[in-house]
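Structure first, commentary second.
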Amino acid sequence: MGAGGPSQRAGAAPDGGWGWAVLLGCFVVTGFSYAFPKAVSVYFKALMRDFGVGYSDTAWISSIMLAMLYGTGPVSSILVNQFGCRPVMLAGGLLASAGMVLASFTRSLVELYLTAGVLTGLGMALNFQPSLIMLGLYFDRRRPLANGLAAAGSPVFLSALSPLGQVLLERFGWRGGFLLMGGLLLNCCTCGAVMRPLPGARGGAREERLLDLSVFTDRGFVVYAVAKFILVLGLFVPTIMLVNYAKDAGVPDAEAAFLLSVIGFVDIVARPACGALAGLAHVRPHVTYLFSLAMLANGLTDVCSARARSYGALVGFCVAFGLSYGMVGALQFEVLMATVGAHRFPSALGLVLLVEAVAVLIGPPSAGRLVDALKNYEIIFYLAGSEVLLSALFLATATYCCLRKPRGPRPAPDGPSGAGDAGEAESDGEPGCPPAAAQENHVGPEREQAEEEEEAEAERKPVLGGSTETMGKGAF
């Protein structure tokens, strides 16, 4: 495992040092992975004209890209466990670039699906997941901030790639634009090269299970996966539809493309700021509720802006959407890491991405068909916002009702109190709950000290689980 796979956890996370180079690589990869499927929507009008197809047909390009990004998650997990992060990312960068280069020579929409959709999407998937795994290995105490900074790559690249795509389309056509953007994707290979293993890390990935399915026994993981499935049904629809919606409303092409940049500019600020907020001592134990609040705000933005037609109203929508969307992006993987722990995160991430892939194949294409049938974007925004709102309410309610431990006294341990009993109680504890009351009438000073330490530790645990060690044991 000299290439830096997830089993290399013997070395402690440095929370800095070379980790900042890893963070920069993750920033670039995240930017390409999330912004690229949205940025190619700039070319949809030209593709519709050249191939004589409807909007729903061209929307499949973005959907297939995202579906490959998510759906090949388990494959990426297996490859990373087998070969390590660095070689997988190098291969992924080559595939992503080759897909866009080949797409520039296609003569049919099906060929575009196979090249720009399948091949480029697979390449980005082989970059995206390993970069997040390496980020989790290099950061622990500063992990919420690191996740927020890495997630900021998405809006930064979206604000750049969308207007760049419009310029390339005007000067070189969609074929020339695809060819040049394929060259840009070779930068993913550079990002893969910096993903070196931690010093003193041990090998032995082949001794583990290649895909840990035991995460499905964790109630917190199941709740998270269901919430993400509902969320993804509507989360990406507004950004994919926005440019063409604005063009149909009479907004000039350049100004319509700039709307995605507005979302990106706000998103750039929102993600690091939200990551820093999530890392605060009093906020981190409740990061799941903060994630639910961000989704709630995003859904309300979609619903309230469904009738926006003027350019000023669309800009206002983009500002509000960028803020809430940035919060969702900054928190989604931090919540998953807190839920399952670092040891099971590679497998959990791959499985969650697979679940999301199904939603990606349902959401945007269905929205495109509704646009073609109804010639009305208003119902699309209502539908997408309702799905995001449902996801937020489900996650918050399930976390509060199903994952919280009941308050109240617990039976006293059979043996004498000590570090072992305190550690066992810590695994079963609920953040924010007081320690169990002793069953005896008189409690010794050692037991009082142990209970005080237990209570202090419980205050630091996230709502969806305990510390990294207890998470790996399936605290639920």
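Backbone N, Cα and C atoms are what each Cβ position is placed from, and that goes for glycine too.
Nobody curates TrEMBL annotations by hand; they come from automatic prediction.
The domain 'Major facilitator superfamily (MFS) profile' annotation in TrEMBL covers 19-403.
Taken from TrEMBL, the feature region 'Disordered' applies to 407-476.
Look at TrEMBL and you will find 17-37 (among others) tagged as transmembrane segment. Sequence-distant contacts of the transmembrane segment (17-37) (same chain, six or more residues past either end, CB-CB distance under 8 Å): 62, 65-66, 69, 89, 96, 120-121, 124-125, 127-128, 131-132, 134-135, 138-139, 146, 149-158, 161-162, 181, 184-185, 187-188, 190-192, 194-196, 236, 240, 264, 329.
Taken from TrEMBL, the feature transmembrane segment covers 58-80 (among others).
Residues or ranges marked as transmembrane segment by TrEMBL: 86-105 (among others).
The annotation transmembrane segment is assigned in TrEMBL to 112-139 (among others). Long-range contacts of the transmembrane segment (112-139) within its own chain (CB-CB distance under 8 A, at least 6 residues past either end) are made by residues 4-6, 8-9, 13-15, 18-19, 22-23, 25-26, 29-30, 32-33, 36-37, 40, 47, 60-61, 63-73, 75-77, 79-80, 85-86, 88-89, 91-100, 102-103, 106, 146-147, 150, 178, 185, 188, 191-192, 195, 198, 333, 337, 342, 345-346, 349-350, 353.
Long-range neighbours of the transmembrane segment (145-164) within the same chain, counting only residues 6 or more positions beyond its ends whose Cβ lies under 8 Å from a Cβ of the stretch, are 19, 23, 26-36, 38-39, 42, 131-132, 135, 138-139, 181, 243, 254, 257-258, 260-261, 263-268, 270-276, 278-279, 322, 326, 329-331, 333-334, 337. According to TrEMBL, the transmembrane segment annotation covers 145-164 (among others).
As annotated by TrEMBL, transmembrane segment applies to 176-195 (among others).
Panel annotation: around the transmembrane segment (221-245), residues 37-38, 41-42, 44-45, 55, 59, 62, 66, 70, 162, 215, 256-257, 259-260, 263, 295, 298-299, 302, 314, 318, 321, 325, 328, 332, 335-336, 339-340, 348, 351-352, 355-356, 358-360, 362-364, 367-368, 371, 377, 380-381, 383-388, 390-392, 394-395, 398-399, 402-403, 464 of the same chain, lying at least six beyond its termini, place a Cβ under 8 Å from a Cβ of the stretch. Summarising the annotation, TrEMBL assigns transmembrane segment to 221-245 (among others).
Beyond the ends of the transmembrane segment (257-281), by six or more residues, the same chain brings 35, 38-39, 42, 142-149, 151-152, 154-160, 162-163, 165-166, 239, 242-243, 246, 251, 287, 290, 294, 314-315, 318-319, 321-327, 329-331, 334, 460 to within a C-beta distance below 8 angstroms of the stretch. According to TrEMBL, the feature transmembrane segment maps to 257-281 (among others).
Residues or ranges marked as transmembrane segment in TrEMBL: 311-333 (among others).
Residues or ranges marked as transmembrane segment in TrEMBL: 345-367 (among others).
If one looks beyond the transmembrane segment (379-400) by at least 6 residues along the same chain, the residues whose Cβ comes under 8 Å of a Cβ in the stretch are 223-224, 226-228, 230-231, 233-235, 237-238, 241, 288-289, 291-296, 298-306, 363, 367, 370-371, 463-464. Under the heading transmembrane segment, TrEMBL lists 379-400 (among others).
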Stretch among 86-105, 311-333, 345-367 sharing the most Cβ pairs under 8 Å with the transmembrane segment (58-80): 345-367
Confidence summary for the domain 'Major facilitator superfamily (MFS) profile' (19-403), mean pLDDT rounded: 86
Non-local residues, at least 6 beyond the ends, that sit with Cβ under 8 Å of the transmembrane segment (345-367): 6, 56, 59-60, 62-64, 66-78, 80-81, 125, 129, 132-133, 136, 209, 211-213, 215-216, 221, 224-225, 228-237, 240-241, 333, 336-337, 339, 380, 383-384, 387
